[in-house]
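Here's the structure we're looking at; comments come further down.
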Amino acid sequence: MAHTLPSLPYPYNALEPYISEEIMTLHHTKHHQTYVNGLNAAEAAYEKAKTVKERIALGAAIRFNGGGHINHSLFWANLAPSSSNGKGGGVGGILKDGPLKDAIHRSFGGLDALKEKFNKIAAGIEGSGWGWVVLNTNAKNTSTGTLKTPLEILTTPNQDPLLPPYVPIIGVDVWEHAFYLQYKNVKGDYLSAIWNVINFEEAERRYLEAVGVKDVGPAKL
């Protein structure tokens with residue numbers, strides 16, 4: 001079946017003032033839709049390809065557009081209206097006591113330390129890419145079987161998706177199309193602002209699922 005653009009669980013203006021309605025509209029309906037269209041076209045061409053060389057030639061298009069579709073679908077669910085934007089009811093930016101907060105404390109020393117380290121690493125991405133807070137499922141203590149460091153920070157170039165053993169917990173689009181209309185070339189301001197609309201409830205759901213806790217509920221998208 002053809003891939004489709006997922007609906008957002010909030011209006012395009014719901015993340016203001018941190019991410020503008022204009023950016024959200026263009027990002028979702030134009031950029032993400034382009035990846036969906038490109039993935040469908042590449043997969044259709046792959047099915048019709050008659051030689052191995054033809055299929056290999058389509059690999060880059062499938063990786064790029066497929067990664068763009070996967071990453072953006074995760075990104076939308078990763079965001080929520082801010083609790084501080086005055087509209088009421090928002091959960092964005094709130095990290096409640098619980099397993100994810102404990103993991104962040106063990107891994108980075110606290111949320112502020114995570115933000116500082118993440119923003120520094122993400123700001124250093126050359127060109128386009130993504131910043132991630134991930135669970136490395138291979139990073140286990142051989143004697144106890146427990147994770148040595150619950151969470152890590154990684155970057156991926158272009159639209160490359162995360163692959164095992166890394167499980168995405170929080171992902172931030174660091175392509176210029178995610179922020180330039182509002183923040184111009186000041187990537188650091190965008191990275192600082194986006195923490196106000198990070199959906200930590202969804203991040204904790206992903207974390208619990210990744211560490212093997214069952215019945216954590218469905219993804220938001």
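Just so it is clear, glycine is given a Cβ too, placed from its N, Cα and C backbone atoms.
Unlike curated entries, TrEMBL annotations are predicted automatically.
According to TrEMBL:
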type	residues	note
BINDING	HIS27, HIS72, ASP173, HIS177	Mn(2+) binding site
DOMAIN	3-80	domain 'Manganese/iron superoxide dismutase N-terminal'
DOMAIN	97-206	domain 'Manganese/iron superoxide dismutase C-terminal'
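Shown in sequence order, HIS28, HIS31, HIS32, PHE75, TRP175, ALA178 are the same-chain residues outside HIS27, HIS72, ASP173, HIS177 whose Cβ sits within 8 Å of the Cβ centre of the Mn(2+) site. Across the domain 'Manganese/iron superoxide dismutase C-terminal' (97-206), DSSP helix (H, G, I), strand (E, B) and coil residues number 48 helix, 25 strand, 37 coil. DSSP places the residues of the domain 'Manganese/iron superoxide dismutase N-terminal' (3-80) in helix, strand and coil in these numbers: 53 helix, 1 strand, 24 coil.
Ranking the binding-site residues HIS27, HIS72, HIS177 by other CB atoms within 10 A of the CB puts HIS177 at the bottom.
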